[in-house]
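Structure, as structure tokens:
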Amino acid sequence: MSFLPKRLMSSITIKPTPSKAHHHYPLPSSSFPAGFVLGGVHAGVKKKAGVPDLAVILSTSERPTTAAACFTRNAFKAAPVLVSNEILKKNGGYARAVVVNSGCANAVTGKQGMDDAWAMVEATDGLLSKSSKSEFEHETLVMSTGVIGQNLPISKIVAGIKSQSSATLGSDFSAWERAAQAFMTTDTFPKLRSRTFTIGGVEYRMAGMDKGAGMIHPDMGPAGTTFSSGGFKQLHATLLGCIMTDAAVSPKSLQSALTYAVDRSFNSISVDGDMSTNDSIYVLANGAASNGVVIDEDMDKQGYEVFKKELTDFAADLAKLVVRDGEGATKFVTVTVKGAPSYKDAHNIASRISTSALVKTALYGEDANWGRILAATGSVPLLPSSSTGAAPVIDPTKVNVTFVPSDGTSALPVLVNGEPENVDEVRAKEILSLEDFEVVVELGMGGDAEAEAQYWTCDFSYEYVRINGDYRS
């Protein structure tokens, strides 16, 4: 049944949401990091029988496994966020396991929610090899996603965790795929990627999964872990993601690299502009392929920079999958802002454009309404200059706006030095009818290459309204 008034139905063309299944495909088992076993099962959180809703990820490496995280800054932080942050803080950046449930967020659930999160931690701790010496009371990080305000069926979840063993957990593609499926809520495909990279002649592997399709506008910051050098400034951040690597990375350097990577990946996506109570990204580095070499930003700056770039690129690949699977999305749009006074200014403007309902509805309608893009751009206050203390002001006569197609054909400038072009509307429609394209805004304020930022977003469709109108049912 349509939710639209009958008087509108005759004048509206509702485009079908394109299939996104092609974004999921088999990966060679050799591309997954050594020293991890994982899997996904149906524990009974979700109503539909047989659908995976519980994932367990264990490090089996004999070397120490470091861990880093970025969490939501939402005031209503879910119990799994609070518990995982406490564990990382107590352990100083070490953990050997992750447990994830989907179907219930365990957010705004009071004391019972905290007890349930700890129960998941303790049950998963019991799966870790006792032969590996550990000084930590708890070594499991926990994640939950789904409906807010409902308690977990914790007895089912704990039973599901305890049912895991070497017979149910594995390290091949099917095991990774089952775990990725257990992350899913309104996602239409499991989001799983892997890669290999080399540092100092040693080959390492990295793999990870994430989930998200709605309530997506993360702005995550580092865990509350502190290190001898001083710690990290808390930034801001339903999106869940977990990345594993068989490289050995010091706790401080792993958190530093993840914070940098998240700001340029997961903190640079938006589906609907809503920050979740549960947003979390974890990285585990188990050193299984390290040959005793530990990547550390203070000891080997060059090696650390290579790792940081690999992690950033990989995180961006995972983040883009979330946007491509945006609820009801028909477009994948890259918003690039250049020539800003600073990276943060460029990032703020790209974020504002990407969350504008007027821009996103125009994208769905394939309408090159660049005036909405300018309105969003001009609504963002720029940061005060560190040298003068005064905030710079955008000069409209220096601003350019261009639509760039993904098929390699010519770009279409619509505003040049503040002057509107005589736009070929047919050509504009051709570009905006593509599934992928880019919007480039050049501010002309003299910023260097570091003063450029990208955001990835999607359009707003009627399907998005339908999905979120009856989400709890």
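Placement of Cβ uses the backbone N, Cα and C atoms for every residue, glycine included.
The active site, nucleophile feature in TrEMBL is assigned to Thr238. Within 10 Å of the C-beta of Thr238 (active site, nucleophile) there are 29 other C-beta atoms, taking all protein chains into account.
Summarising the annotation, TrEMBL assigns substrate binding site to Thr185, Lys211, Thr238, Glu327, Asn468, Ser473.
The binding-site residues under consideration are Thr185, Glu327. Their Cβ neighbour counts within 10 Å are lowest for Thr185. Taking Cβ-Cβ distances under 8 Å and a sequence gap of 6 or more within the same chain, the neighbours of Lys211 (substrate binding site) are Ser102, Thr145, Ala180, Phe183, Met184, Thr185, Asp187, Lys191, Leu239, Leu240, Gly241, Val322. Asn468 (substrate binding site) has a Cβ environment of 16 other Cβ atoms inside 10 Å. If you take the Cα of Glu327 (substrate binding site) and the Cα of Thr238 (active site, nucleophile), they are about 12 angstrom apart, rounded to a whole number. If you take the Cα of Thr238 (active site, nucleophile) and the Cα of Asn468 (substrate binding site), they are about 14 angstrom apart, rounded to a whole number.
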